[in-house]
Each structure stands twice: as C-alpha cells, then as structure tokens.
Amino acid sequence: MNSKIFAVLLLLAFLSCVLSDQYCPKSSITACKKMNIRNDCCKDDDCTGGSWCCATPCGNFCKYPTDRPGGKRAAGGKSCKTGYVY
C-alpha cells in the first residue's frame, strides 16, 4: 500500500515539473538608449541549448525560460533584424 502511494506521489511530482508553465525571465532593465539596442535573435530558432528569444528594452536576447512570469517573448517577424537596430 505504501509503495502505491509513493508511486502516485512521485508521478504527481514528475508531472508538475513537466507540465509547469515556462516564461521568458523578467528584464531588470527598464530603459535603454537607442544606440545600445541590439537583437541577438529574432525567433527561438536563432537560440541554442533550449533557450528562447526574449524581448528586453535593449533588444532581443536568448534567455533560458523560467517558471516565473513577467518577461515577454520576442515577436520576431519580417521587420526584425539581428545586430544593432539604430
């Protein structure tokens, strides 16, 4: 009986980790001079190692997702270019 309860609890813990929502991390920067804005990415495919393309006031950067909401994913699109955008 105890082993069944343990197995169920272990399964629930595993599912909560796998099914938890992921977000771009919130940026600690609130503003950026236009001459310093650059995009390292425009879409998630531009990033490596499971990181996402996240938007910040200083441009788009590859960041690892977190379980805390607050950041935003880069919109990408045809107008997005990598490098300095000024």
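Heads up, the Cβ atoms here are built off N, Cα and C, so glycines get one too.
DSSP assigns Cys24 (disulfide bond) to coil in the three-state reduction, outside any helix or strand. Taken from Swiss-Prot, the feature disulfide bond applies to Cys24-Cys54 (among others), supported by similarity to another entry.
According to DSSP, Cys58 (disulfide bond) sits in a coil region rather than a helix or strand. The disulfide bond annotation in Swiss-Prot covers Cys32-Cys58 (among others) and is backed by similarity to another entry.
Taken from Swiss-Prot, the feature disulfide bond applies to Cys41-Cys53 (among others). Cys41 (disulfide bond) is surrounded by 23 other CB atoms, counting those within 10 A of its CB over all protein chains shown.
For Cys42-Cys80 (among others), the entry in Swiss-Prot reads disulfide bond, with the evidence type a curator's inference. A coil conformation is recorded for Cys42 (disulfide bond) in the three-state DSSP classification, outside any helix or strand. If you draw a 10 Å sphere around the CB of Cys42 (disulfide bond), it holds 18 other CB atoms from the protein chains shown.
Neighbours of Cys47 (disulfide bond), defined as other CB atoms within 10 A of its CB across all chains, total 19. DSSP gives Cys47 (disulfide bond) a coil state; it is part of no helix or strand. Among the features that Swiss-Prot reports, disulfide bond is placed at Cys47-Cys62 (among others), with the record citing similarity to another entry.
As annotated by Swiss-Prot, domain 'WAP' applies to 21-66.
Here Swiss-Prot flags 1-20 as signal peptide, drawing on sequence analysis.
Counting every protein chain shown, 17 other Cβ atoms lie within 10 Å of the Cβ of Cys80 (disulfide bond). Cα distances from Cys42 (disulfide bond) to the disulfide-bonded residues Cys24, Cys32, Cys53, Cys58, Cys62 are smallest for Cys53.
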